[in-house]
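Listed in TrEMBL for this protein:
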| type | residues | note |
| --- | --- | --- |
| COMPBIAS | 9-26 | compositional bias 'Basic and acidic residues' |
| REGION | 1-32 | region 'Disordered' |
| TRANSMEM | 71-90 | transmembrane segment |
| TRANSMEM | 167-186 | transmembrane segment |
| TRANSMEM | 198-217 | transmembrane segment |
| TRANSMEM | 223-249 | transmembrane segment |
| TRANSMEM | 261-283 | transmembrane segment |
| TRANSMEM | 340-362 | transmembrane segment |
Amino acid sequence: MSEVRHRRGDGDGTEKVETAGESDHVDSEEEKVLEEKYVDELAKSLPQGTDKTPEIFDSALSGLSSRWRNWVIRGIFTWLMIGGFCLLIYGGPLALMITVLCVQVKCFEEIINIGHAVYRVHGLPWFRSLSWYFLLSSNYFFYGESLIDYFGVVINRTDYLHFLVTYHRFISFCLYCVGFVWFVLSLVKRYYMRQFSLFAWTHVALLIVVTQSYLIIQNIFEGLIWFIVPVSMIICNDVMAYIFGFFFGKTPLIKLSPKKTWEGFIGGGVSTVVFGLLLSYLISQYPYLVCPIEYSESLGRMTMDCEPSSLFRLHEYTPPDCLLPLVRLLGHDTITMYPFMIHSLSLSIFSSVIGPFGGFFASGFKRAFKIKDFGDVIPGHGGIMDRFDCQFLMATFVNVYITSFIRTATPQKLLQQVYNMKPEQQLQLFYALKESLEHRNILNSIP
């Protein structure tokens, strides 16, 4: 095999002969050193929310140590975020869904900006444009699925939308193919590895952000309680873990987050379980918060009016023998509670034991790029992704939990599927159902 050689000057009048392979190796080593240097510069250049504070707070809190100043600023903006969350709940499901979409876009932007900043030195073509294109096409697919599930009957009645409903998945796949072809055509020989790395980066970001936000929307449609309680549990766990760790933390929990302690982890977990039970008991009393969101044909809009299911009706339970003496001390032999509180116990355990690992995952990601926060949108806290890293994992669990243990087929959802059938299929279903009801003497018994 022939060997390609070239001469390289050493600067002292001599020349060194290198093979093409050796030259490529030198180039790759030089690029690697350049990349590591750029990552170090990236850590200094990206905005860090925990270090950025409004000037009014800097002057007002100048007498405090940095530790207590950060405590006060985090506390102020935590209460502001909780207040904003309550306002969104008051605004109803539409306000919550719009907020989820905005949060999704901002989280995606923060993740993609890191990737773009890391590889910007190489001038890779079309990375940001392709990333945003894939975000739009993914949202078209996922949110289109939600609209079809819950508003399929209304959409089908509109002629120009009927085509979009019938061929929604095909159109979504075509949109993805356009992005795929666009990426392949943008490949540059020298940067194959980096471009494919960024392609994977974009898809992982879509999996973490878009898929999870879609599941959050699904949870909202099951009833606001399935959104409010899990989100509040994560907030409670985060706040209480920080408080317990701040005042009592001495034992490190995990190397990825050196400031996390066992004291904060345990204190946050116990607080979350108690808080979850109390919040679930309170919210279960309001039909507006527990009824699923469905489209009413008679009203022509979304509605949350229903007869609460058995999950949200008080039941008496006989406590286990180990708890019976404690219950009798309160003057009772049974416990009266909402069945949903039992499910909330499962949610609170997950949010306090597994939920924090979403934060640990994000910490590992940030450490890989030597940055402290994803952004600086929220003073004392960081970026939007810094606040929602645990929420996304929780949303997936809630959706899986509802699908596995809670959800049952409702006439409304079944009818929406029936209306999507062809007329001859609807007649076939009608006669089959009529025959079955007559055979079981159900139809004949109706006066």
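Each Cβ is built from the backbone N, Cα and C atoms, and glycine gets one as well.
Contact between the transmembrane segment (340-362) and the transmembrane segment (71-90) is not supported: fewer than 3 Cβ pairs lie under 8 Å, counting only residues 6 or more apart in sequence. Residues of the same chain lying 6 or more positions beyond the ends of the transmembrane segment (71-90) and with a Cβ under 8 Å from any Cβ of it are 53, 57, 61, 64, 96, 99, 224, 228, 231, 235, 239, 242, 246, 378-381, 387. A Cβ distance under 8 Å defines the sequence-distant neighbours of the transmembrane segment (167-186), meaning residues of its chain 6+ beyond its ends; these are 125-126, 130, 133-134, 137, 140-141, 144-145, 148, 195, 199.
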